[in-house]
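What follows is a set of notes on a single structure, which appears directly below.
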Amino acid sequence: SLLLLSLGLGTTITFMGSHWLLIWMGLEINTMAIIPLMIHQQHPRAVEATTKYFLTQATASALLLFAGTTNAWMTGQWNITDMLSPTSATLITLALALKIGLAPMHFWLPEVLQGLNLTTGLILSTWQKLAPFAILLQLYPLLNPNILMALGVTSIVVGGWSGLNQTQLRKILAYSSIAHLGWMITIIHFAPNLTLLNLTLYIIMTTSMFLLFNTLNATKINSISVSATKSPLLSIMTLLTLLSLGGLPPLSGFMPKWLILQEMTKQDLLIPATIMALATLLSLFFYLRLCYMMTLTISPTPIFLFSSWQAKTTQMNILLTITTSLSILL
């Protein structure tokens, strides 16, 4: 409870703060609170993941602090929204990109996520993105749009391309996360409200995905292929949530992609928009492959559809119901 409260506190401090040191402190509390949760498993893989996470986050925090200090040195102000010097703006962009795992600073994310259990992985994929995005959404007019665009498009391509040859569900979700963050970063300079919309939907869909895999007890692709016989209803929900993550109409995940492409067309950014739309097909491919694995093994007898599979009502199940409904029907 103490660690989760500290996690909340760190994010809240970053949300509220307008002083560089306060924001840095919020991010540090955030990192320090999740580390014991990550290492809780007492497994060599978890220890390795925690070490990797700690080193990257410490680097990003140091870079952020350095950028804040440089800015204060150049402008004489510690306020976050004061005119940033180009040097600090670039450094801050890179520090935050490293913190949330944008390509080409994404290498730690799949490795770290693979070493964690699904619940901690869920916190890492959703809650830990909030604080850096709070800073980005305050600073976006002062940052260089070309750097943001480059980071975003690279992330979408890398997230789609690298996820193709994965068999581990957590790594697939990590690459999916990189691609989604790419979409958010690309549009942040032109329409920050779309970034916020995308982030909200991403958090809802990722939460339902992690909770579904947790309920089905699945960590590899081949372990979801037997899930249809365990619980047909859950496998149908997983199927729809996966398609929503891929961005197929009429599911929720289609909305932010459509609006972002529309906004980019208005801004005359046709080439990046085309690259993004094509790179999303790569992501869609591995989502479809997961769907294919789930639907291939549906039992030939319809008895299973009404089998006696009963879930106990827990807080997790209620959350699962809400998030899956939202990620499909919005």
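Each residue's number is its place along the chain shown, starting with 1.
Glycine is no exception: its Cβ is also placed from the backbone N, Cα and C atoms.
Straight from TrEMBL, the features:
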- 19-282: domain 'NADH:quinone oxidoreductase/Mrp antiporter transmembrane' (DOMAIN)
- 284-330: domain 'NADH dehydrogenase subunit 2 C-terminal' (DOMAIN)
- 51-69: transmembrane segment (TRANSMEM)
- 89-109: transmembrane segment (TRANSMEM)
- 147-165: transmembrane segment (TRANSMEM)
- 172-191: transmembrane segment (TRANSMEM)
- 197-219: transmembrane segment (TRANSMEM)
- 231-249: transmembrane segment (TRANSMEM)
- 269-288: transmembrane segment (TRANSMEM)
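Within the chain, the transmembrane segment (147-165) has long-range Cβ neighbours (under 8 A, six or more residues past its boundaries) at 90, 93, 97, 102-104, 106, 110, 140, 171-172, 175-189, 269, 272, 275-276, 279-283, 285-286. Note on the domain 'NADH dehydrogenase subunit 2 C-terminal' (284-330): mean pLDDT across this stretch is 76. Outside the transmembrane segment (231-249), and at least 6 residues removed from its termini, the chain residues within Cβ reach (under 8 Å) are 176, 180, 205-206, 208-209, 212-213, 215-216, 224, 257-258, 280, 283-284, 287-288, 290-291, 294-295, 298, 304-305, 307, 309, 311, 324, 327-328.
Within its own chain, the transmembrane segment (172-191) is flanked in space by residues 97, 100-103, 106, 109-110, 112-114, 121, 125, 129, 133, 136-137, 140-141, 143, 145, 148-149, 151-160, 162-163, 166, 198-199, 202, 206, 209-210, 221, 245, 256-257, 260, 263-264, 267, 272, 276, 279-280, 283, 286-287, 290, which lie at least six positions past its ends and keep a Cβ under 8 Å from the stretch. Beyond its flanks by at least six residues, the transmembrane segment (197-219) meets 118-119, 121-122, 125-126, 129, 133, 168-170, 173, 176-177, 180-181, 183-184, 187, 227, 230-231, 234-235, 237-238, 241-242, 244-245, 252-253, 255-256, 259-260, 311, 316-317, 319-320, 323-324, 326-327, 330 of its own chain at Cβ-Cβ distances under 8 Å.
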